[in-house]
Amino acid sequence: MSTIILGIESSCDDTSAAVIEDCILRSNVIASQKVHEAYGGVVPELASRAHQQNIVPVVSEAIRQAGIDKSQINAIAFTRGPGLPGSLHVGTAFAKGLALALGIPLVDVNHLHGHTLSHFIKEDEHTQVPGFPYLCLLISGGNSQIIKVNAPGDMQVLGQTIDDAAGEAFDKCAKSMGLPYPGGPIIDRLAHEGNPNHFKFAHPHVDGYNYSFSGLKTSFLYTLRDQLKLNPNFVEENKADLAAGLQKTIIEILMDKFSKAIADTGIKTIAIGGGVSANSGVREAVQQYADRHHLKAFIPKRSFTTDNAAMIAVAGYFKYLDHQYCDITLPPFARVTI
Ligand code: KG4
């Protein structure tokens, strides 16, 4: 008999619900919140209010699109953290209420495990999934980590950022160019038309497999500040080259440590996940590295790189099989690591 999991994700500014049947995706509904665009970043209070408005229609639509009756759901998996407290509370409270009403188990999921296990979302029974262990480069607005995934519930962080995340480097540098939030996807688009070697930015010197992006951010800001003194139209005239140079430097920083970890561990299966793994340059660099070194690379579909409930349902599926249910009294965790 198959196992049907309803996943609920509300950690930041996307309300999402998904239904999977033994990891095969039956529905994945995402309501993105446009309300934050005017503020240049996510406003926590507005995010939790929008989640409250969205959660019932989003969950109903996910169940409808999956073509199931709610009595067929075996368990509910929800994002317990990390994330914005007010946002997490909405998904957590809703998941608890529905699990109680249906009399089914509740499974709490670490959002970062969701990104790392997003490669197990199957479009159909032929979708290939990674074997264990694999090395995952998890890059998002809040995290930059190299994770050794030994099993769905056994993950080891080999390296992580000591300051900003890769997504923050994209977004903060984009903001200093006057681009709207989130700047990452805009930099990606602009970089296609620019010369990546016109401007040079700082590379960090950090121990082990750890990352640092604050030096790059400062070096980018100083370039703008110095050049704007000479030419007030500097940014406008050099947008594409600045974007291409910034993206190239971020990719070099990411690949430098990721390739060291791959070589040192000898692991032959690699993966990327998180919002920044949507970046076309990052995807190309990882695939090219894998081809050169005869590795198997798992690059997620773009729709599974950003926050989505399908990855939460899949991570919850593995815990459900292991009977790792959670207590109805558990609070959400704003800060939690892998
Ligand atoms: O994983 P995510 O949706 O949110 C977090 O949980 O942090 O990642 C959002 C981050 C933002 O920093 C956004 O700028 C970045 O992912 N991002 C990109 C691209 N698409 C999203 N960065 C670079 N290139 C992209 N194409």
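Glycine residues also receive a Cβ, built from the backbone N, Cα and C atoms like all the rest.
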Of the candidates ASP124, ASP171, ASP291, the one that TrEMBL places in the substrate site of LEU138, ILE139, SER140, GLY141, GLY142, GLY184, ASP188, ASN279: ASP171
Same-site residue for Fe cation (record: TrEMBL; known: HIS111, HIS115; options: ASP256, ASP264, ASP307): ASP307
HIS115 (Fe cation binding site) and LEU138 (substrate binding site), distance between Cα atoms, whole Å: 7
Candidate with the highest Cβ count within 10 Å, taken from the binding-site residues HIS111, HIS115: HIS115
Pairwise CA distance, GLY184 (substrate binding site) versus HIS111 (Fe cation binding site), rounded so that it is a whole Å: 21
Mean of the pLDDT scores, which run from 0 to 100, over the domain 'Gcp-like' (26-313): 96
Distance-selected binding-site residues near ligand 1 (C-beta under 6 Å), from HIS111, LEU138, SER140, GLY184: SER140, GLY184
For ASP307 (Fe cation binding site): DSSP state (helix, strand, coil): coil
